[in-house]
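Quick look at what Swiss-Prot annotates:
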SIGNAL    1-29  signal peptide
DISULFID  C36-C61  disulfide bond
DISULFID  C47-C69  disulfide bond
DISULFID  C51-C71  disulfide bond
Amino acid sequence: MAKNFQSVLLLVCLSFLVIVSSPQNAVQADTLIGSCVWGATNYTSDCNAECKRRGYKGGHCGSFLNVNCWCE
């Protein structure tokens with residue numbers, strides 16, 4: 001009886017770990033695509049529009065002094 005209980009408990013724990021670690025439950029991070037600063041190599045005049053053009057929901061300039069274009 002004890003071995004059967006341990007087996008069931010192990011199965012429940014493993015099932016929980018598989019569900020929790022599945023990719024669809026992960027939070028998707030923003031993606032850095034370039035710079036929002038004049039004169040930079042990857043300058044994007046409109047970060048939000050460029051992100052939408054690439055298939056993201058939108059974008060924003062962020063990080064220290066808002067120098068990076070992040071898509072979400």
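Every residue, even glycine, has its Cβ placed from backbone N, Cα and C.
Look at the Cβ of each of the disulfide-bonded residues C36, C61, C69, C71 and count the other Cβ atoms within 10 Å; the largest number goes with C69. Annotated pair C36 (disulfide bond) and C69 (disulfide bond), C-alpha to C-alpha distance, rounded: 6 Å. A sphere of 10 angstroms centred on the C-beta of C47 (disulfide bond) encloses 23 other C-beta atoms. Taking a C-beta cut-off of under 8 angstroms and a sequence separation of 6 or more, C51 (disulfide bond) has the following same-chain neighbours: I33, K57, G58, G59, C69, W70, C71, E72. C51 (disulfide bond) falls within a helix when secondary structure is assigned with DSSP.
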